Amino acid sequence: MHCKRKICLCALLCGILFVMIATQTMHRTNFLPIAMAALLPVGVAMPAGTPSEVTVELDGVSCGCETCVADLGQSEWFDQHYEPQQQPFLTAQNTSLPALTLKWWMRLQRSTGETVEEVLEKMFQVISSPLPDWPPRQDRCRTCAVVGNSGNLLGSKFGPLINSHTTVIRMNKATTLGFEEDVGNRTTHHILYPESAVDLPPGVHLVLLPFKLRDIQWVVSALTTGEIKSTYMRVKNLVKADKDKVIVVNPTFFKYTHDKWTEHHGRYPSTGMLALIFSLHICDEVSVFGYGADQKGNWHHYWEKNKLSGAFRKTGVHSADFEMQVIKKLAAEGKIKLHTV
Ligand SMILES: *[C@@H]1O[C@H](CO)[C@@H](O)[C@H](O)[C@H]1NC(C)=O
Ligand SMILES: *[C@@H]1O[C@H](CO)[C@@H](O)[C@H](O)[C@H]1NC(C)=O
């Protein structure tokens with residue numbers, strides 16, 4: 001009995017000694033804060049007084065992939081632009097938009113007679129409210145392919161690689177028929193707005209980019225009565241898409257992209273830019289395909305015959321050059337994989 005107590009005491013002392021030595025070592029290697037951060041629930045700040053060089057303490061979110069795009073502390077530049085709390089899409093639970101969003105967003109359009117709240121309330125009577133899918137979780141790895149429409153995809157043979165991602169995001173008039181080898185044939189999310197709308201196969205998320213309130217009224221109409229036939233131009237009045245898979249990008253998220261990522265270059269961000277920043281908030285790993293000019297410097301869509309038709313680059317509404325710089329920076333900082341040929 002006596003003997004056993006001595007052994008216990010010895011074990012206790014040894015344990016304390018071990019912890020002290022280990023703590024010293026870990027302090028030197030900065031291992032301790034990482035280990036502590038890993039034990040903390042997401043969103044809980046690290047206790048004050050721990051070494052500050054280890055930036056996982058900012059927000060120790062982590063996913064099940066090798067690298068997680070939302071993890072802070074790897075790129076100071078990224079951390080200055082990325083706001084993990086931004087909600088990428090609207091849900092029925094929160095349809096009130098901050099005053100600053102409204103001020104900016106309503107400037108992009110003519111008044112419609114209905115308030116934003118009225119329009120959103122009607123919308124959620126037609127479409128299902130999407131389930132929020134944040135923050136990242138350690139039990140899953142959401143890989144996304146964001147596929148732009150650049151002619152540089154022609155001959156790339158990226159099809160199988162694009163198809164291998166859990167989420168495949170395409171945009172505007174994107175088509176895959178006849179280009180499967182280069183662009184793949186899977187689509188999980190299709191980002192569009194009234195003027196660029198296409199019919200979607202069953203099971204694909206229609207992701208509406210609302211440049212104006214009228215666009216939200218349009219998506220309701222396009223999925224039901226088809227009464228809205230024009231915005232500032234004639235638009236497709238009926239769209240084939242699953243009503244319970246519609247996602248509407250949050251105007252506040254739109255403004256965040258304009259403020260923090262394109263930094264007010266152009267009047268508002270392009271579809272490609274919004275698609276990419278959207279993916280940084282719904283994916284854990286982001287691979288980007290089909291952005292930018294082709295190998296000869298021409299801006300055109302991969303399905304277009306006329307390679308010199310890329311007039312959209314010179315419209316001045318978006319700043320293609322600045323956006324390309326941001327995309328290249330994201331790649332250089334290891335946040336996205338930019339696939340070019
Ligand atoms: C994509 O192509 C493969 C191989 O041809 C085919 O099995 C699959 O059904 C296609 N998927 C879609 C969504 O079209
Ligand atoms: C609703 O969303 C906005 C951003 O769109 C956010 O600022 C606000 O805090 C949210 N409100 C609630 C109650 O979650």
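Along the chain as shown, the residues are counted starting at 1.
Placement of Cβ uses the backbone N, Cα and C atoms for every residue, glycine included.
No curator has checked TrEMBL annotations; they are predicted automatically.
Over in TrEMBL, the protein carries these features:
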BINDING   Gln109, Asn149, Asn172, Tyr232, Tyr268, Gly272, Gly292, His301, His318  substrate binding site
DISULFID  Cys144-Cys283  disulfide bond
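Cβ neighbour count for Gln109 (substrate binding site): 15 (other Cβ atoms within 10 Å of its Cβ, all protein chains included). According to DSSP, Asn172 (substrate binding site) is assigned to coil rather than to any helix or strand. Cys144 (disulfide bond) is 18 Å away from Gly292 (substrate binding site) when you measure Cα to Cα.
Sequence-distant contacts of Cys144 (disulfide bond), defined as residues of its own chain at least six apart whose C-beta falls under 8 angstroms from its C-beta, comprise His165, Thr166, Thr167, Val168, Ile169, Ser279, Ile282, Cys283, Glu285, Val286, Ser287. Of all residue pairs in the substrate-binding list (Gln109, Asn149, Asn172, Tyr232, Tyr268, Gly272, Gly292, His301, His318), the one with the greatest Cα separation is 28 Å apart. Sequence-distant contacts of His318 (substrate binding site), defined as residues of its own chain at least six apart whose C-beta falls under 8 angstroms from its C-beta, comprise Thr262, His265, Gly266, Arg267, Tyr268, Pro269, Ser270, Met273. Packing around Tyr268 (substrate binding site) is summarised by its Cβ count: 19 other Cβ atoms lie within 10 angstroms of its Cβ, all protein chains included.
Neighbour counts of Cβ atoms within 10 Å were taken for the recorded positions Asn172, Cys283; the minimum is at Asn172.
Other C-beta atoms found within 10 angstroms of the C-beta of Gly292 (substrate binding site) number 19, with every protein chain shown included.
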